[in-house]
Amino acid sequence: MNRYALGVGAAAMVVGAAALADPNTDVALEIDGVAIKTIAASAHADNPIGDTLISGWHYRNDETRALQLDDFDNPAFLAVELGRELWEAADGASGKSCADCHGGIDGFAGLRANMPKWSEAAGRPLTLEQWINWSRKEHQGAEPWKWESEQMLGMTAAIAVESRGMPMDVQTDGPMAEWFEKGRDLYYTRTGQLDFACASCHEANSGMMLRADHLSQGHLNGFPTYRLKWQGIGSIHRRLKGCVQDTRAEPYAVGSDELVALELYVSWRGEGLDIEAPAVRQ
Amino acid sequence: AALLAGAAAQAEIAPSDVAIADGALETPVADAPGDAERGKAWYADRGLGNCMTCHQNAALPEISFQGDVAPPLDGVGARYSEAELRAIVVNSKEVFGEQTFMPAFYRIDGLKIVRKESVGKPILDAQQVEDVVAYLKTLTD
């Protein structure tokens, strides 16, 4: 798989930069007795990644990987706790909590795995953040939460945990088809002064080292994700925006149609993998 | 401009006027010769060449975590002529094909949603290109 394996090996001996470079596939992710598929056969024969999907968890170092094995060690669980408190808290003109209308948060099991999901009411796909704010406005009569606010991250994390171990499963046909196509176009569109597409890094070069960064297949099954670099938890759109920004581009805005379409297409590329959110990454 | 005509071969060539032929660019893009010491600095500057993000180079052992998405540059000064090295740095797409992962360092056309502060500017300026080429020529083993 490494086109330059020979040359690189020789240089690495001289340079001493031996942080090479295949994902560690000898480890398995099991949390609280729930086995999570982080290596899986692709659900689609036409997935450009190929037959085998590998979660970003396998590309991280041992210490980072370990943080995800036990929820007590997982720094993202502060956000989950906040989300669970908010679930029970009355808010807005209705004076009701999410729980008053929805019952237990476990009723949302599987929901994260279907995101982004078509909304008849909106006539477009909505991400989990957008569904939450839609319901806050329509039903709860409450102010929207900002995309990257601690409330929104907490709630999306708390809802996502309920889907842990469930397979990614998004709709791409019917009215979603044009969003899917748009997402695919964007995935292969080179942007910025550096002229990279998502595919340049996560398809053509996954498994390789970009300086100290080990390039993964770029999956979304771990989001929202706690990133050590961020010293906090962040959304899918924050991550995608950052990747586009790294090409020295004016990135698409968080919540923009571009990032919703990309989220849909990238989620499809990950079908076969289970939700492992909230993940921990470098 | 008429006065400069005699020195045309040394005039700076703008990114959009560069003509690479058969993977080579004989004419320097800057009006002054390249300086290998400066080229080494641009090579390692994260905001400029940032070459070590993708390439290993045993001549720079002080740089840790060199990437491996691209071939090592050891001996590249012996493998390629100066004109070929210049073409690769100026516009790798014209040498390796549109799909190459290597950015074109002296190109401003055909790019999308470039961040405001970089619009109309190549990654390296003409003199920096010549400096990097001069540095690559020193990598002979």
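Cβ coordinates come from backbone N, Cα and C, glycine included.
Just so you know, TrEMBL annotations are computer predictions that nobody has curated.
Checking the candidates A:Cys101, A:Cys243 against TrEMBL: the one annotated together with A:Cys198, A:Cys201, A:His202 at the heme c 2 site is A:Cys243. Shown in sequence order, A:Phe196, A:Ala197, A:Ala199, A:Ser200, A:Glu203, A:Leu215, A:Gly218 are the same-chain residues outside A:Cys198, A:Cys201, A:His202, A:Cys243 whose Cβ sits within 8 Å of the Cβ centre of the heme c 2 site. Here heme c 2 is bound by A:Cys198, A:Cys201, A:His202, A:Cys243 per the record. The longest Cα to Cα distance in that group is 11 Å.
On a Cα basis, A:Cys98 (heme c 1 binding site) lies 33 Å away from A:Cys243 (heme c 2 binding site). In the structure as shown, the Cβ atom of A:Cys98 (heme c 1 binding site) sits within 10 Å of 25 other Cβ atoms. Shown are the binding-site residues A:Cys198, A:Cys201, A:Cys243; of these, the residue with the fewest other Cβ atoms within 10 Å is A:Cys243. On a Cα basis, A:Arg239 (substrate binding site) lies 14 Å away from A:Cys201 (heme c 2 binding site).
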